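Chemist: Dropping a structure here in structure tokens format, bear with me for questions.
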Amino acid sequence: MLLNFDRLGWWKYILLAITLLTAAFLLLPIVFIAALSFGSSQWLIFPPPGWTFQWYSELFADPRWLESAWTSFKIAVIVTILSVLLGLVTSFGLVRGSFLFRDALKALFLTPMILPVVVLAVALYAFFLRIGLGGTLAGFVISHLVLALPFSILSISSALEGFDKSIEDAAVLCGASPLEAKIRVTLPAISHGLFSAAVFSFLTSWDEVVVAIFMSSPTLQTLPVKVWATLRQDLTPVVAAASTLLILLTILLMALVAVVRKVLKQ
Amino acid sequence: MSTFSDASGAIAPLPKARRATGFGGVLPALAFVAIFFIAPVAVLLLRSVLEPVPGLGNYAQLIGSATYLKIFANTFIVSGLVTVISLLIGFPVAWALAIMPGRLTSVIFAILLLSMWTNLLARTYAWMVLLQRTGLINKMLIGMGLIDKPLALVNNLTGVTIGMTYIMLPFIILPLYGVIRKIDPSTLQAAALCGANRWQCLTRVLLPLAMPGMAAGALMVFVMSLGYFVTPSLLGGTANMMLAELIAQFVQSLVNWGMGGAAALVLLVVTLSLYAVQLRFVGNQNPGGR
């Protein structure tokens, strides 16, 4: 009876109230920031005295904001491509291969997910200082790839495990070369895994702050670092405008994922 | 090429010589991880016992100082609070999500995912503004007549706890939802038939059955909170540092690699041992987030 909503009696209303309040709590900052970004008060007073696009025009007028957004995008795209490619090759090895320490190796590949990011950030910072990669595009790409690769390996491996290899073997029997069979039979079959890997990798890199704080230089910084640096000085509504655009991007990406999932299912 | 038999499993594979296959595929990733993950972290930890002089001096200093002990205490208290509050809110929500009618459930799931996917800094910024002295939360509390003077909700551990709980909630609701959904409703019917009232059903059937999920979720939230950097440093203010920020400070402002490495090792050891506990007792759950 506790697992039947209609038979919960008055408990039902308590559960419903807690759930709706929690949903409101989760939604509050997101809606609030979007509303504030159009508010005319410099001091972030809510409700604002009037409405304005001023913060958006300040955002777009400042080349440093655009530049850091472009840097973030560039890094995220490169990381996504590398992460999916490397994840694909690695997953084939992990799922299809049989060698000593295979499971241990898989666990090792996933450890960056559970390691506190600040430890990795500090360690890479020291390493890149020494070899001169600090503040470079390559430094950003490498460090974000360390964080994105586990998500890629996880998504692609699980897709590959769910794929019946005998279909690929059948294609080989029908005259396809092993590589051709992989490209024309296996890859389309695991495309949902590749897609998840790409989305996770992109978002991991795009949203990454901690490593980026250590990696950035005065001339090269990502959007999250720019937001971080601005926030340390003051709570200007320009950050609200930037945040709202980021939230919009999230919603678009979520919609894209939902659409692609639906298409891939058919 | 391998045979059909090992794919289908229907035909018993012929005994064959143990041979390593597929290792070539993992080599690039292994090299990458070795150079850019294992080596840097290992070097950092080594420096904690080598700099400025070889020995355990850094660790002695870390344990011997009241300032650092307070930072450890802050970290554990906040993480513990965040875990308990997330669990208290997350359990009823996950429970409701598991049994509520479909339409409302999907709306709430969409909100959960949206908040999870929204940029971490955007969310933290929102709380910095919301929790200010002149912020919306204080205004609402005063408006409702609950307080006369604005509360100090930000630049202290209260702010960190609120902001972190906000971020961690989805991470506890989602696994709990999965666990509660898998519970067979007939176990509760059986309990009811045997004369258990609602409260007994909850405390003696539902909660114990959900316990593995609660333990896994709680451990994950606790561990993630211990190592969090961004939210505590923006909502916490300088007087209430947490462990991750201490590590960053040692390295960035003080350029003290020995102490930075030592603090990093402490965080690492606590994190990995708690994960080991989780793997041992409650099975694998995939963490995420910063």
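Placed from the backbone N, Cα and C atoms, the Cβ positions cover glycine too.
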Chemist: Between B:67-89, B:90-112, I'd like to know which one TrEMBL lists as transmembrane segment.
Modeler: B:67-89
Chemist: Which residues of the chain, 6 or more past the ends of the transmembrane segment (B:250-277), have a CB below 8 A from one of its CBs?
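Modeler: Same-chain residues near the transmembrane segment (B:250-277) but 6 or more away: 41, 44-52, 57-59, 61-62, 68, 72, 219, 222-223, 226-227, 243-244.
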Chemist: Within the same chain, where does the transmembrane segment (B:67-89) have neighbours whose Cβ lies under 8 angstroms from its own Cβ atoms, ignoring anything closer than 6 residues to its ends? I mean 6 or more beyond.
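Modeler: That would be 61, 157, 160-161, 164-165, 168-169, 171-172, 214, 217-218, 221-222, 225-226, 232, 240-243, 246, 263, 266.
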